[in-house]
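These notes are about the structure you will find just below.
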Amino acid sequence: MKLKGEKEESSDYKEGSKGKITLLLALVALISAFGSSFQYGYNVSVINSPAPYMQDFYNQTYFNRHGVPMDSGFQMLLWSLTVSMFPLGGLFGSLMVWPLVNNCGRKGTLLINNLFSIAAAILMGTSELAKTFEVIILARIIVGIYAGLASNVVPMFLGEMSPKNLRGAIGIVPQLFITLGILVAQILGLNSILGNAKGWPVLLGLTGIPSLIQLLVLPFLPESPRYLLIQKGNEEQARQALQKLRGWNDVDDEMEEMRQEDRSEKEEGHFSVLSLCTFRGLRWQLISIVVMMMGQQLSGVNAVFYYADRIFQSAGVEKNNVQYVTVSIGAINVVMTLLAVFIVESLGRRILLLAGFGLCCVSCAVLTLALNLQTTVSWMSYLSIVCVIVYIIGHAIGASPIPFVMITEMFLQSSRPAAFMVGGSVHWLCNFTVGLVFLYMEAGLGPYSFLIFCAICLATILYVFLVVPETKNKTFMEINRIMAKRNKVEIQEDKEKLEVFRTVPGGQAENKVISSSVL
């Protein structure tokens, strides 16, 4: 049944909208993901390997200043701050998304963001020479702000530039570079390379190099055509950018689809976070991204990595070789995320979300059993290793990459920045909370803490199965119409109004037309 104002799409439009990867589109994806997302991953794991040497530096610096060794409790506090300031900075960065992308554009925000990364790299790289550990903690906040902005703006930027049949694949590229960043940090952090007493300042300072490359190259690449047309009202620049990205001159169909989106939301203007949270027409989209982001971060990925070292040691891996096993897990993470890039357009988003969280759920349940029985049953330690690998695979194909793709797809241009701000804030707040709470959970519950993660994964699966639609190969307007039915609103593009359906006594449906600007 057709909604009012919905135009019949011709087969020519459907065929014409099938884009291909052009050299320029690939370059935009690689430069923005390498210059931004890569560093998010890099800074997640860069301090893990050199932690003992950095703590020695903290202690030695304190001793040189005060003539007495640092108290162990104070040292633990300083190190906890060093670790936790990164996700806290990420939360601050997420809160900056809405004002920056609306005022400076997607590309402009990425360029400004590089300044945070370069400043943090200089501070961390020179901290030993300056004999100050305080700047490392400060730099971790700054690089956290950088990662908070990057983790939201890059998926938004690439999602708006991609043709609908490649939007999922290109939307996973940022997550692929996050996993690459983690892997590179693990490799460079090996004791034989930079994870030692002399190399750690260089290891921390290297984070500025990708930003420098992006700062030099990105200005020559196009801005998001949707931002140029819908938010800046510059049709000619939008057309030129779209022609360059698609590799052909006939972009009338995509331009018309963008104009249609522009008309449908003209009255609302830019959504703030408050208006997004109170707007009935986007209620289920907002609930969905909050649930998916909470599921992503509260599903136990940090706990699995925390337990990985002792799981491998209990299986007979020598302590000195555990770092190489950690690198191999990082490599599996990269390979499976790369696989997700190639299968997301054929299998769809829902399948990958359900399969990913499903694998994580089963892994957490079996891992609880295996960890409890490994002292009495010898082969249980090997089962634990299998559970860790299966969990990493599940998270890499669904739980990690797909939620950010879904934020891009479930919201239109006017509400997308506010949606990313909400989703990103939930992402970083949950990340920060897990970092704070997990050690207490582990101390109190031990391996049984994985049952909590198992329950969270199961709850996320049920929600995705019941509520989240498939968005594969659909335009933003088509997805918006699907969600409008769930929100009990009907989009009338010709009158720029929303028709709200409600049931009156007696079971009769009453239509009430309300201007979308006052909803």
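Note: Cβ is positioned from N, Cα and C throughout, glycine not excepted.
Residues or ranges marked as domain 'Major facilitator superfamily (MFS) profile' by TrEMBL: 29-472.
Residues 110, 113-114, 117, 143, 146-147, 150-151, 153-154, 157-158, 161-162, 166, 170, 173-185, 206-207, 210-211, 213-215, 217-218, 221-222, 244-247 of the same chain, all 6+ positions outside the transmembrane segment (21-42), place their C-beta atoms under 8 angstroms from a C-beta of that stretch. Residues or ranges marked as transmembrane segment in TrEMBL: 21-42 (among others).
Remote same-chain partners of the transmembrane segment (76-98), defined as residues 6 or more beyond its termini with a Cβ less than 8 Å from a stretch Cβ, comprise 43-44, 47, 51, 54-55, 58, 70, 109, 133, 136-137, 140-153, 272-273, 417-418, 420-421, 424-425, 427-429, 431-432, 435-436. Among the features that TrEMBL reports, transmembrane segment is placed at 76-98 (among others).
Summarising the annotation, TrEMBL assigns transmembrane segment to 110-130 (among others).
What TrEMBL lists as transmembrane segment is 136-158 (among others). Taking Cβ pairs closer than 8 Å, the transmembrane segment (136-158) reaches residues 28-29, 32-33, 36-37, 39-40, 43, 54, 78, 81-83, 85-97, 100-101, 106-107, 109-110, 113-114, 116-117, 119-121, 123-124, 127, 170-171, 173-174, 178, 204, 207, 211, 224, 404-405, 407-408, 416-417, 420-421, 423-424, 427-428 in its own chain, all 6 or more past its ends.
Per TrEMBL, the feature transmembrane segment maps to 170-194 (among others).
Positions annotated as transmembrane segment by TrEMBL: 200-221 (among others).
Per TrEMBL, transmembrane segment is recorded for 286-308 (among others).
Distant neighbours of the transmembrane segment (324-344): 45, 168-169, 171-173, 175-176, 179-180, 182-183, 186-187, 190, 305, 308-309, 312, 317, 352, 388-389, 392-393, 395-398, 400-402, 405, 472; these residues of the same chain sit at least 6 beyond its ends, with a Cβ under 8 Å from one of its Cβ atoms. As annotated by TrEMBL, transmembrane segment applies to 324-344 (among others).
The transmembrane segment annotation in TrEMBL covers 351-373 (among others).
Residues annotated as transmembrane segment in TrEMBL: 379-406 (among others).
The transmembrane segment annotation in TrEMBL covers 418-441 (among others).
Positions annotated as transmembrane segment by TrEMBL: 447-468 (among others). Remote same-chain residues near the transmembrane segment (447-468) are listed as 284, 287-288, 291-292, 294-295, 298-300, 303, 349-350, 353-354, 357-358, 360-361, 364-365, 367-368, 371-372, 406, 438, 441, 486 (criterion: CB distance under 8 Å, separation of at least six residues from the stretch ends).
Only residues 6 or more beyond the boundaries of the transmembrane segment (286-308), in the same chain, are considered here, and those with a CB under 8 A from a CB of the stretch are 276-277, 325-326, 329, 353, 357, 360, 363-364, 367, 371, 388, 391-392, 395, 399-400, 402-403, 406-407, 410, 419, 422-423, 426-427, 430-431, 434-435, 438, 442, 449-450, 452-454, 456-457, 459-460, 463-464, 467-468. Of the recorded ranges 110-130, 379-406, 418-441, the transmembrane segment (200-221) has the largest number of C-beta contacts under 8 angstroms with 110-130.
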